[in-house]
Amino acid sequence: SPARTTLAPRESAARRKGKARRGRGKARSEGLLSKQKRNRRMKANDRERNRMHHLNSALDALRSVLPTFPDDAKLTKIETLRFAHNYIWALTQSLRLA
């Protein structure tokens with residue numbers, strides 16, 4: 001084919017054998033790759049854990065300012081968001097009527 005004839009002889013042979021490397025740097029060993037993957041996964045898990053801690057803290061702060069009875073069970077995340085939405089809407093309506 002025309003594309004095959006335009007390649008340099010070494011590139012053509014490397015591609016046919018499947019040994020053409022892509023990207024930069026040296027080839028990495030399997031052990032190093034798996035260690036890097038584990039490390040990336042651990043970092044991603046830490047970021048997700050921190051994100052969820054921050055989200056839960058924000059929801060706890062929101063629950064603390066919503067008017068609920070103290071004997072009520074803790075609201076779920078979606079209940080907290082819906083309650084806050086409805087509470088803000090009710091306050092807005094009372095301000096419009098006042």
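One-based numbering along the chain as shown.
Cβ from N, Cα, C; glycine included.
Bear in mind that the values here come from a model prediction, so they are computed numbers and not experimental data.
Per TrEMBL, compositional bias 'Basic residues' is recorded for 15-26. Per TrEMBL, domain 'BHLH' is recorded for 39-91. Per TrEMBL, the feature region 'Disordered' maps to 1-48.
Taken together, the residues in the domain 'BHLH' (39-91) have a mean pLDDT of 94 on the 0 to 100 scale. When the domain 'BHLH' (39-91) is classified with DSSP, helix, strand and coil residues number 42 helix, 0 strand, 11 coil.
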